[in-house]
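Student: This is the structure I want to talk about, given as structure tokens.
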Amino acid sequence: MPKDKALKKVMVIGSGPIIIGQAAEFDYAGTQACRALREEGLEVVLINSNPATIMTDANMADRIYIEPLTPEFVAKVISQERPDALLPTLGGQTGLNLAKQVADAGILDQYGVRLLGTPLESIKRAEDREHFKNMCLEIGEPVPESSIISDVDAAVAFARKIGYPVVVRPAYTLGGTGGGVAFSEDELREIAVRGLTMSIIHQVLVEKCVLGWKEIEYEVMRDAAGNCITICSMENIDPMGIHTGDSIVVAPTQTLSDREHQMLRSASLKIIRALGVEGGCNVQFALDPESYDYYVIEVNPRLSRSSALASKATGYPIAKVATKVAVGLTLDEIKNAVTGKTYACFEPALDYVVVKYPRWPFDKFSLANRNLGTQMKSTGEVMAIGRTFEEALLKAVRSLETGVTGMNLPELREWDNDRLRARMARPDDLRLFLVAEALRRGFPVNEIFELTRIDRFFLDKIKNITEAEELVRAARPTDVGTPTGVGAPAGLTPELLRRVKRIGLSDTTIAELVGTTSREVHRLRRELGVEPVYKMVDTCAGEFEATTPYYYSTYEDEDEAEPQAVRKVVVLGSGPIRIGQGIEFDYCSVHSVWALKEQGVKAIIINNNPETVSTDFDTADRLYFEPLVPEDVMNILHKEKPDGVIVQFGGQTAINLARPVEKAGFNILGTSVADIDRAEDRERFDQLVAELGIPRPPGGTGFSVEEAQRIAEQVGFPVLVRPSYVLGGRAMEIVYNSQELLEYMADAVRVTPKHPVLVDKYLLGKELEVDAVCDGETVLVPGIMEHVERAGIHSGDSIAVFPPQTLTPEIKEQLFEYTQQIARALKIRGLVNIQFVLHEGRVFVLEVNPRSSRTVPYLSKVTGIPMVNLATRICLGATLPELGYRGGLYEETRNIAVKAPVFSFAKLLDVDVCLGPEMKSTGEVMGVSKDYALALYKACLSAGYTLPSSGKAVVTIADRDKDEALPLVRSLVNLGFEIVATEGTAAFLRSRAITVEVARKVHEGSPNIVDLIRENRIHLVVNTLTKGKLTTRDGFRIRRAAVEMGVPCLTSLDTARVVIEVMRARQRGETMPLIPLQEYVS
């Protein structure tokens, strides 16, 4: 069936900001979809609120609207653009929910827009728990005993009937938001309240819990003619009870018999046919390990995180094929772009093993609850490919960049067996390391199985890893007199090395086991000829020649990667998405690859994140799906011998590799390693700015607790303290007295024992940020960004405004001058990011990042300057004047663009939501308008602030902020809010003639402030931090209750000020014109 001729213009809904549960996989899917539609000659209109994505680039669609993803704005775009059809299945849960809302509101009928791909009825059948359960029963597919509930008492009654534990799954939510496993009535009541609040249709499913059964997933594809194929089967290493996004997943399935595989494959095809899905779909099963019993758990009738994994694991471009199916093509008409010969109706075949490992944010949130359940907590993931499960697992662990290179966590050696058993029985992020430690201690596999319910097959594989460690340890020299690091012991024979490398042990692990250095092991391996070969991912297990191959390393004989003798450059990617290093860096890597290809240079990318555009099969000329650690990167560089390596686009991950790459004799393009170090090393940077005469907050480096105390007293409290070399402000804090400093030193200096702690005077003032492009001489500043929140709140968590609204021309000129002096002094070739603070009328420099930053995509879009393209061409030797740009501060645009952070606090219980120098946001959105208040309004709306127009506002303010807060409270009263406060703040406000309702503090009994919030009687919370992060404090409890009940919670007076401005704009009822990206800069 050929393409539908009636279609001329298609609208695509993106998935919005990155949050836990919905990450970069939808940028990758959306980018593929937009390209596929344009390949078919269609005009494409896109709406998405996330400026950090590739899909919102001007060349990806004909008209791009970076607008809030709300029914109102989707309707506005439909009315303005009049598309023939809407494609919602590539925008994650957000896209599906919006499609349902605009369809239910009659918008699609009004404008004659039809839904492409999976019909709305099918979406409802799959997403609505009751419809889905009934459909499964009709076609004879088993589902767990369950009940659809819309009030808490009904949930309790049903649980009494079927017995605990039970699972709560809210309808139409993402990443298990609001769900959980309840083992008692109290737990059920708490989870049910949260789940009903989070579901857009106020509905949850309570079902029998099959904890301990295997969790199996099938990724399937169907076209309108009814042709169905399974693309990939996946097995969660963790049993049922843990959200699949938080599970370690292996593809293809490893422990199913052929009968089990055929049984579940047939069931998934039967379900997709009954649903009438057109496109990609993911089916999840629970399988009893002791019998052939199974249950259908759920279906995603859209592209999902699992589809991204299945796509990268098999090389089958699911999003592209799903899009072509949506416009009417059938699977036997769509060519497989990887082979160029086969068609999309061929099921992929795998001759390797893939492991996906989640990346959790517990390094940022040390107080968060690390236990894993049905509510997702990971921010990103890595994928690794090997010939054996062991090899793929160890590569995945290396890829996480948590400082661990094998299955060995030194701190576990201190634990006794009882503690080990207790922790193994409760799933958390350390579980596999606990299993490995138990195996080293001789625990029987059966006992570990009973504790964890992880299949014995996987436990045996982990045992193979611990036995390989023993073989290496036995090669350690016995005479203690041998100094370590002098050379590798003779016991490391080529046979032993080859054997343990096949299992996946890293050079670092081997070095630790025999008491030498990883460089020494690397040298020995190369000397003995024990080097990896590279195999191809080609969708067909080598049956057909692949034209767009990508590679993984393994220790076998036959090599499939022939290096080409052409001009080529390696771009180092940014690895998994985590707080502090998000999709922005993937955006930069991809743009760098495109710039290289434009210049006729072969582009090679190394990355390990399955969710991203950079790891798509046709982004680079060559893709290596490998860990971004020195060993794996050097192996590739020795193989490819590139003309140069670009490190400035992969965030701190790539910057950290610059020195090892240079030491190994490879050429770093762009800013030199020595100059990168001058920017990042505290003392050398201080010296540089002192020579240039640029003011900097006074401070120093403390190598001991006493020294840090002395510096703090010298410069005067408050001070900002942090370890040297950090990303995302990890373990940074503002401390107000010497007692707090001592507490910080006790907790945080352990972060990097080798590195000292930096102590700076904390200057209160406006934070300003500059991204610049420099060719070593000419400096171009596309724009200055002004932060709404004052210095002291991490730049990634601040609302940024461009162009700046309150700066004088003199200050702007001074910012440019300082940027130019610093960029020239550091001999920057490429991008640089500089942060300043305006304190009492003077500009001080805070820090310099000699690389791309998280604001580059946002600034590139709103100014129209292709910053990454220019920086890449400078790396290749061009100058700015040759590229048509003279230096200076670029002319400001008429439109105002506001970038706002997005947080995932609802997913992370026990995490404080207050803002500070430690970054906490997972994503970002943008609002654009000619009017500042409207741009702010759009940004707040996109960021998910459900702003009330009136109601009750809780105001609890720290003493030092009370005077400053007064005008804000008056504004709230003028807007029609009633003020609620605890005794201290209430007395202060009353003395200033403001009417206040007094509420109890938490420890004063009920009903207190937290009770009022939980009873939905509060509509806004303004709460500034009183010192102390303890989770028992009132402030912490108020903030957490607000997040869990979906009440806007403002912890910075600066944010509160702009939010009040937004409420005013909304009350004025101003109209909001839509501006497509293509018209921003014209």
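Using N, Cα and C of the backbone, Cβ positions are placed for all residues, glycine too.
Dumping what Swiss-Prot says about this protein:
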- 1-401: region 'Carboxyphosphate synthetic domain' (REGION)
- Arg129, Arg169, Gly175, Gly176, Lys208, Val210, Glu215, Gly241, Ile242, His243, Gln284, Glu298: ATP 1 binding site (BINDING)
- Gln284, Glu298: Mg(2+) 1 binding site (BINDING)
- Gln284, Glu298: Mn(2+) 1 binding site (BINDING)
- Glu298, Asn300: Mg(2+) 2 binding site (BINDING)
- Glu298, Asn300: Mn(2+) 2 binding site (BINDING)
- 686-876: domain 'ATP-grasp 2' (DOMAIN)
- Arg722, Lys761, Leu763, Glu767, Gly792, Ile793, His794, Ser795, Gln835, Glu847: ATP 2 binding site (BINDING)
- Gln835, Glu847: Mg(2+) 3 binding site (BINDING)
- Gln835, Glu847: Mn(2+) 3 binding site (BINDING)
- Glu847, Asn849: Mn(2+) 4 binding site (BINDING)
- Glu847, Asn849: Mg(2+) 4 binding site (BINDING)
- 945-1082: domain 'MGS-like' (DOMAIN)
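Describe each of these features in terms of where it is and what it packs against.
Tutor: Mapped onto three states, the DSSP output places Gln284 (ATP 1 binding site) in strand. Around the Cβ of Gln284 (ATP 1 binding site), a 10 Å sphere holds 20 further Cβ atoms from the protein chains shown.
Look at Glu298 (Mg(2+) 1 binding site): DSSP puts it in a strand.
Other C-beta atoms found within 10 angstroms of the C-beta of Glu298 (Mg(2+) 1 binding site) number 17, with every protein chain shown included.
Counting every protein chain shown, the Cβ of Asn300 (Mg(2+) 2 binding site) has 23 other Cβ atoms within 10 Å.
Classification of His794 (ATP 2 binding site) by DSSP places it in coil, neither helical nor stranded.
Just so you know, the Cβ of Gln835 (ATP 2 binding site) picks up 19 other Cβ atoms within 10 Å once every protein chain is counted.
Sequence-distant neighbours of Glu847 (Mg(2+) 3 binding site) (same chain, 6+ residues apart, CB-CB distance under 8 A): Ile834, Gln835.
In the three-state DSSP reading, Glu847 (Mg(2+) 3 binding site) counts as strand.
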Student: Near Arg129 (ATP 1 binding site) in space, meaning Cα within 10 angstroms, which of the binding-site residues do we find among Glu298, Leu763, His794, Asn849?
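Tutor: The binding-site residues passing the 10 Å Cα test are Glu298.
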Student: Using only C-alpha positions, which one of Glu215, Ile242, Asn300, Asn849 is spatially nearest Leu763 (ATP 2 binding site)? These are the binding-site residues in the record.
Tutor: Asn849
Student: Can you see whether DSSP assigns Arg722 (ATP 2 binding site) to helix, strand or coil?
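Tutor: Going by the DSSP assignment, Arg722 (ATP 2 binding site) falls within a strand, counted as strand.
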Student: Greatest CA-CA distance (Å) over the residues Arg722, Lys761, Leu763, Glu767, Gly792, Ile793, His794, Ser795, Gln835, Glu847 that the record ties to ATP 2?
Tutor: 18
Student: Out of these binding-site residues, Arg129, Lys208, His794, which one has the fewest other C-beta atoms within 10 Å of its own C-beta?
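Tutor: Output over binding-site residues Arg129, Lys208, His794: least Cβ neighbours within 10 Å is Lys208.
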Student: When you measure from the Cβ of Glu215 (ATP 1 binding site), which residues in the chain that are at least 6 apart have a Cβ under 8 Å away?
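Tutor: Those within reach of Glu215 (ATP 1 binding site), by Cβ under 8 Å and sequence separation of 6 or more, are Glu235, Asn236, Asp238, Pro239, Met240, Ile242, Thr244, Ser247, Gln284, Phe285, Ala286, Leu287, Ile297.
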Student: Mean pLDDT, the region 'Carboxyphosphate synthetic domain' (1-401)?
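Tutor: So the average pLDDT across the region 'Carboxyphosphate synthetic domain' (1-401) works out to 91.
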